[in-house]
Amino acid sequence: MNLKNKSIVVLLSGGLDSSTVTGIAKKSEAKIFGLSFDYGQRHKKELNSASIIAKHFDIEEFKIIKLDLSLWGGSSLTDSQKNIPIEGVQANKIPNTYVPGRNTIFISVALSYAEAIDADFIGLGVNALDYSGYPDCRPDYIKKFQELADLANKRGRENNPIKLWTPLLDLNKEEIIKLAFDNHVPFDKTWSCYSGNSKPCGKCDSCRIRNAAYEKWLNNKNKK
């Protein structure tokens with residue numbers, strides 16, 4: 001996909017995936033508008049990382065939207081009374097780190113922003129293969145949201161739709177890490193951990209998936 005001189009709103013959380021999408025867009029010479037959310041999550045480490053990534057890639061604009069999903073909780077990421085799981089991802093079971101409706105809300109806000117600034121794309125770091133099985137990170141969800149987006153705004157109705165761009169959707173975490181380094185993402189400045197300690201916990205699902213993939217990528221890199 002040719003992104004040169006195209007405007008793109010990237011949902012930039014500060015994690016590895018969204019930072020990689022930002023890096024790919026930057027290398028493609030797109031005009032990047034970053035959007036993060038202070039949504040009542042357990043910590044603000046990822047927002048700090050998002051700000052660092054936005055500055056690193058010198059994007060056009062970076063906004064942090066206040067939207068408090070902790071008002072009703074429903075997830076261990078927005079409710080401190082729920083424990084973050086450390087026993088691993090269970091097959092065919094959605095973990096309690098899933099935040100009800102989060103991606104639907106965030107992409108809807110991004111769609112409004114994109115339409116207001118006449119952006120061509122919304123960049124998402126969702127990937128379906130080795131993440132936690134969230135329902136709003138899957139190909140069928142992205143396909144249906146695109147259909148909704150095409151009906152829900154002026155550009156879509158005028159046959160000039162804003163497209164959801166998901167370059168990582170079918171990649172595993174090792175492949176994403178390779179892309180991150182290939183696109184000059186400051187890997188050590190991204191934040192994936194569910195906890196807000198000074199250093200990543202190394203125990204939560206997100207840490208373990210990231211660390212295992214990094215070790216695999218590094219081993220393969222050193223063999224070459």
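Yeah, the Cβs are placed from backbone N, Cα and C, and that goes for glycine too.
Taken from Swiss-Prot, the feature ATP binding site covers Leu12, Ser13, Gly14, Gly15, Leu16, Asp17, Ser18, Ser19, Thr20, Val21, Thr22. Residue density at Thr20 (ATP binding site): 28 other Cβ atoms are found within 10 A of its Cβ, drawing on all protein chains shown.
The Zn(2+) binding site annotation in Swiss-Prot covers Cys193, Cys201, Cys204, Cys207 and rests on sequence analysis. Residue density at Cys193 (Zn(2+) binding site): 20 other Cβ atoms are found within 10 A of its Cβ, drawing on all protein chains shown. For the recorded site, Cys193 (Zn(2+) binding site), the DSSP three-state label reads coil.
Cys201 (Zn(2+) binding site) has Gly14 as its nearest neighbour among the binding-site residues Gly14, Ser18, Thr22, going by CA to CA distance. For Ser18 (ATP binding site), the same-chain residues lying six or more positions away in sequence with a CB closer than 8 A to its CB are Val10, Leu11, Leu12, Ala50, Gly123, Leu124, Gly125.
Counting in whole angstrom, Leu16 (ATP binding site) lies 10 from Cys193 (Zn(2+) binding site) by their C-alpha atoms.
The ATP site is set by Leu12, Ser13, Gly14, Gly15, Leu16, Asp17, Ser18, Ser19, Thr20, Val21, Thr22; from the centre of their CB atoms, other residues of the chain with a CB within 8 Å are Val10, Ala50, Ile53, Gly125, Val185, Thr190. With a cut-off of 8 Å between CB atoms and residues at least 6 apart in sequence, the same chain places Ser36, Lys45, Glu46, Leu47, Asn48, Ser49, Ala50, Ser51, Ile52, Ile53, Thr190, Trp191 near Gly14 (ATP binding site), listed in sequence order.
Taking the Cα atom of each, Cys204 (Zn(2+) binding site) and Thr22 (ATP binding site) are about 25 angstrom apart.
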